[in-house]
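Asker: Just passing along the structure, written as structure tokens.
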């Protein structure tokens, strides 16, 4: 879980979140290289007293500084598109969880097993135990198996919600009158927190 001095992304618990972390690092490296190159060029322009009349009127340099950023954008766009398709791919799920967003709580349904339904309310600050997390702990937690493909179906009853668990790389909008679907796969067991981010 992220804390106040946590700089990087939180530890991933699913293959999709690992891919999101890799894409973040890949893009950050490209942005760092661009920043260093532009900073070096600006510094050299400020400290250089030589004047070259061909620097301002050159078709070759204009072609280069038009083509080079386009190639750099392709190095960002192709992994991004691959990741978008990976996030939307739905494999054969072994378990389906239906999540219904309400104004101040979530309702869950395990329709695959005996039609289990329950509500999950946030624990009030006055009732928290030692070690509980304020505004994150709930009275009824979801229990899901690891190493299993899980399909999440989300909807809402009143306003737009967003079911989010950052360590799983899952963020899905729950909109009234509409069913949205996503899937995830957990690598290890543990206690993972998420909250409505809308």
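The backbone N, Cα and C atoms fix where each Cβ goes, and this holds for glycine too.
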Asker: Pick from 2-26, 27-51: which range has transmembrane segment per TrEMBL?
Answerer: 27-51
Asker: Ranges 63-87, 88-112: which does TrEMBL label transmembrane segment?
Answerer: 63-87
Asker: Given the model, what does the mean pLDDT over the domain 'Cytochrome oxidase subunit II copper A binding' (92-198) come out as?
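Answerer: The answer is 90, the mean pLDDT of the model over that range.
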